[in-house]
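Chemist: After the structure tokens below, expect a handful of questions from me.
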Amino acid sequence: MTVRFRLAAQAVAVVIAIIAIALIPSVIELFAMMQLTLFAAMAVLALSLAFIWGYGGILSFGQTAFFGLGGYAYAISAINFQDSTPSILLAIIIPSLFAAILGYFIFFGRISDVYLGVITLTVTLILFNCVNSTSGDEYRIGKALLGGFNGMPAVPTFNVPFYPDQILSPEQSWWVTGGTLLGTFLFLRLLLSLPAGRVIVAVRENEVRASLLGYDPRKVKLLTFILSGAIAGLAGALYVNWGAFVGPTIFSLSLSAEIIIWITVGGLGTLLGPIVGCVLIEYIVAYIGSQQALNSNLVLGAVLVVFVLLLPKGLVPTARDLLMRLVPAPKPKAQLADEQLPPPVAASHMAGAE
Amino acid sequence: MAIYLIVALDVLNGISSLFLLCLGLAIIFGMMKIINLAHGEFIMLGAYATVISANAGVNIWIAMLVVAPLFVGLVGLVIERCLIRFLYGRLVDSMLATWGLSLLIIGIVTTIYGNTQQGVPTPLGGFSIGSYQSSYYTLFLAGMAVVMMAVVYGVMSYTRFGLIARATMQNPAMAATLGVNPARVYMSTFAVGAAITGLAGGLLAPVSGITPGMGGAYVAKAFMTVVGGGAAILSGTMSAASLFGAVNQVGAFFTTPVYGEVLVFTAAIVLIRLLPQGISGRFFKGNL
């Protein structure tokens, strides 16, 4: 009964989301819609980290490495081919390959927690430094000038697949970005409910036990890492499509920090939370940027400190707990374990990370 | 010949500044297993304290060697009481909270002093080797690194405070049963670590551009050096700082400063892959 009810509720939520994505351009102004497009692209990035951190137990400080690689891969190939169809594919493939190499190095060396943080952080810095110093005519790939710290302006945006002449309008761009966000969310939700997803969570919970059951934690983590790199790369392509620009700040530490803040605020171990956190924080940052009264670092820092100290579970799990308290649950929680992710998960994740 | 001397001086400079930058973080990490990602901002605060008091008429040496460590040590004490003490044993949370703290400090300093570059003139003069110029301040920094190393070694090995600190580091529960209050040891260690970091910031103030965001340039390097060095505070940090400092300067000499940095980062990744416990986890086990 409850399971069927939950499935129905989820189906209704998905339908509502589809309708909302379809109708938004006719309801709100162009500027707000452009902003929403950016938020949706960023939310895809948030999902990529939410997946490996929340479910795989791998805290990567360098998710922007894949995001940036995706962005640059898209920009370079879009300038060369003048067609976004192969470019989007490349923006997924190149970061996944990079994630495969880096992940092999990390996980098959059994590197974890702080050390993994250092490595992902330094890789991001290496990419930032390298890309930042590519100003000059000698740094070009095909027709694309890398441009160093100035970045690459006037990148062709998305077009209708295989029709390079038909550039997407801002409305269509929004549909693509919002649709990708919803698609990524559903894909991850589906994956996590499949046996493969259970194995990912099992490895996060207890590597030794998972390997005694016959799974290779190194391989599972590597595949998780590659998938998350691919999603981050896709987010990079969406981001470049939004601004028609890519620069080395896409690799910056502050963006890496922001992703972690989104997830901490929204709720680690959920998929909805990071999206909520991302949109909320990005909205606040954009609002502060237009006000000039407060410094955005000040607010972001204060928010992060307050959440870690007072609301470590994040917004979405806290709200859900409150709702569950209001609505008397007809069945014990065991049935709902997957959707709810009870507090012990967060606790054991922290313990596992040490 | 002169060029080799200059490169040697550069390497010495790279190693000593990296060591000074990392020592405070190494003490905090080694003692409490807390990664302080606001480390770069402690450096920035030390540099600001130096510049502002020097520009207000305080003698530059006093500003550097007294004002900066005192101020940052106090800040560290307040932060430990208000924030860090809730996070012992929660490595990931402590990283997140100190990251938030670092943004907060950057925001506060930007709001007060604006996003402009400040600076003080470098004290001491320069000298020339052949046709190359260098400054006595480089030698002073190297001297300070040696002094700090000696002071930390002396305090940790020969004083009662050092004994208690080492005991708490090894086994907090046992130390507590012997009448030591670990919370107080942690508090003072954090403040001392912050003060040393402030001193490093003060010492580097004359040779670096001082902006609210300057800490970002140091935190990754310091983080990587401390983790690469491993658990031993002095031998680990010193060996990792020597390795990375030398790689950085030699790499920068043969290519460009940017690729020098890239080489250091690559060296760090390879080092951590080969020695997951850090250098001191392998070669200087049980040392300070």
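Including glycine, each Cβ sits where the backbone N, Cα and C put it.
TrEMBL annotations: computationally assigned, not manually curated.
Pulled from TrEMBL, these are the listed features:
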TRANSMEM  B:6-27  transmembrane segment
TRANSMEM  B:60-79  transmembrane segment
TRANSMEM  B:91-114  transmembrane segment
TRANSMEM  B:134-156  transmembrane segment
TRANSMEM  B:186-210  transmembrane segment
TRANSMEM  B:222-246  transmembrane segment
TRANSMEM  B:258-275  transmembrane segment
Chemist: Does the transmembrane segment (B:222-246) make contact with the transmembrane segment (B:134-156) through 3 or more Cβ pairs under 8 Å, each pair 6 or more apart in sequence?
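Modeler: They do touch: at least three Cβ pairs between the two stretches lie under 8 Å.
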Chemist: Checking distant contacts: for the transmembrane segment (B:186-210), what same-chain residues at least six beyond its ends satisfy Cβ-Cβ under 8 A?
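Modeler: Sequence-remote neighbours of the transmembrane segment (B:186-210) are 17, 20-21, 23-25, 27-28, 31-32, 34, 36, 39, 42-51, 60, 63-65, 67-77, 79-81, 84-85, 88, 117-123, 137, 141, 144, 148, 152, 161, 165, 168.
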Chemist: By a Cβ-Cβ criterion of under 8 Å, what residues six or more beyond either terminus of the transmembrane segment (B:134-156) are in contact with it?
Modeler: 6, 9, 12-13, 15-17, 19-20, 23, 27, 122-128, 162, 165-166, 196, 199, 203, 206-207, 233-234, 238, 288
